[in-house]
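These features come from TrEMBL:
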DOMAIN    141-208  domain 'Golgi pH regulator conserved'
DOMAIN    277-446  domain 'Abscisic acid G-protein coupled receptor-like'
TRANSMEM  6-26  transmembrane segment
TRANSMEM  38-63  transmembrane segment
TRANSMEM  75-96  transmembrane segment
TRANSMEM  108-128  transmembrane segment
TRANSMEM  148-170  transmembrane segment
TRANSMEM  284-309  transmembrane segment
TRANSMEM  342-365  transmembrane segment
TRANSMEM  377-397  transmembrane segment
TRANSMEM  425-443  transmembrane segment
Amino acid sequence: MAFLGDCVIVFVSQMLFFAGGWLFFNRELFKHYEIRHISVQLIFSSTFALSITMFELIIFEIIDVLESSSRYFHWRLGLTLLLFMVTAVIPIYICHSVIHSISFFSDRWVRILTTFCWFVFLYGLWRIGEPFPLLSASHGIFTIEQGVSRISVIGVTVMAILSGFGAVNYPYTSMTYFIKPVSRNDIICLERRLALTVDMLTGKKRRIAISVYNHNKLHPTKPRIWEMLTSAVQRNTSNGEDINQLKQEVYGLEELLRSVFLELSSLKNMEERQRWSQTLKGKYFNVLGHFFSVYCVYKIFMCCINIIFDRVGRKDPVTRGLEIAIHWCGFDIDFAFWNQHISFLLVGCIVVTSIRGLLLTLTKFFYRISSSKSSNIIVLILGQIMGMYFCSSVLLMRMNMPAEYRVIITEVLGNSIQFNFYHRWFDVIFLVSALTTIIVLYLSRKPFRVDDSDLH
């Protein structure tokens, strides 16, 4: 009866997570598009529910909800279903949707090519294990350990790239220190330059059109091919205009117009950020930006130390902090009580921020590249990334849990998985992503400057 009650609890929570994924799909991703395939919505919501269930089981492990054997069963079942989604259901549906969109393939060839592409995907997923210290075929092929070890390479890479970019970009967009002072006179001056450039460009294009019209009017009997061959080397003497020279000037003005427009757009965005920074919300985010800037520097420094000295943390932050408080600071506290409750709060914060950050990133990415024709395929790709991301999050979150709570994750994933490798791999990709973001943001702060002499 206890096992049946535990199954009911997990099933009800999964239905709630499924409803959350369904609402997010309708109200955020597809609020501007028509839902053409209900199966896409079902796949995305199911992947979302299975992913959040992994975090739920971690929290259940800390606060000791459900029986131990029941938690182990749901861990195995949830990971098996999630791996089945990201290795079979979603890849097959993506391949079928892409190939089916090609009109000259018949249904029979669509099925054949879909099966072929899926086997290519599985082969590539298996070959990932060659350059990395993953499990060999001696540990089995169709096992949770094999699936998690290979899926997590991709998931950890995506997670590290997003983390490195966010750790640098968030302080840059939140702190007033990085907002360049922009006056209204600078914007007005650049708007005048833009208007002057447009006028000059319009005038020269008008002169070209008039010259071509007069030339065709004076020479109506010449074949069009002859005009194309001679216009590149002859002058149009009807108005004394050199069409080739005018075209070169038009090209230069178009490049100048593009540069002035980009600089004007940059100044207006900076002016908007200045106004936003004066609001209460802007000041709040400015304080958070200073905190995350310290975290970014610390994280980059620790990644360098971990990579150089091949170091991996043995104790979670909560246990280490409590040991310092007890042994070094002399506080008389209940270690077991505070270890459980602080671990619960820390893991809860990590879960909330991970889910929120990934959903915001997926939404922005979807709006940037989607269209009415490709929206369903892009949602499936985002669902694939989401499943890999959360599967890898469970593996990495193990390090932030006390030793007594890591046991269940180690048992489910297997003792043969090289947990230290994934933490080192995360440090390497995080460092590359953070440094690349710093370089890109530094170069973007040097916009093209337009001088008055360029307009002459």
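Backbone N, Cα and C define each Cβ position, glycine as well.
Quantities reported herein were computed from a predicted structural model and do not represent experimental measurements.
Counted over residue pairs separated by six or more positions, the transmembrane segment (284-309) shares fewer than 3 Cβ pairs under 8 angstroms with the transmembrane segment (377-397), which leaves the two as not touching.
Residues 25, 29-30, 40, 43-44, 47-48, 50-52, 54-55, 58, 79, 82-83, 85-86, 90-91, 93-94, 97-98, 101, 148, 151-152, 154-156, 158-159, 347, 350, 354, 358, 362, 365-366, 369-370, 409, 413, 417, 419, 422-423, 426 of the same chain sit 6 or more residues outside the transmembrane segment (377-397) yet have a Cβ under 8 Å from a Cβ within it.
When the stretches 38-63, 75-96, 108-128 are ranked by Cβ pairs under 8 Å to the transmembrane segment (6-26), first place goes to 38-63. Panel annotation: around the transmembrane segment (75-96), residues 39-40, 43, 46-47, 50-51, 53-54, 57, 110, 113-114, 117-118, 121-122, 125, 144, 147-148, 151, 377, 380-381, 383-384, 387-388, 390-391, 408-409, 412-413 of the same chain, lying at least six beyond its termini, place a Cβ under 8 Å from a Cβ of the stretch. Beyond the ends of the transmembrane segment (108-128), by six or more residues, the same chain brings 87-88, 91-92, 95-96, 99-100, 134, 150-151, 153-154 to within a C-beta distance below 8 angstroms of the stretch. Along the domain 'Abscisic acid G-protein coupled receptor-like' (277-446), the predicted structure has mean pLDDT 76.
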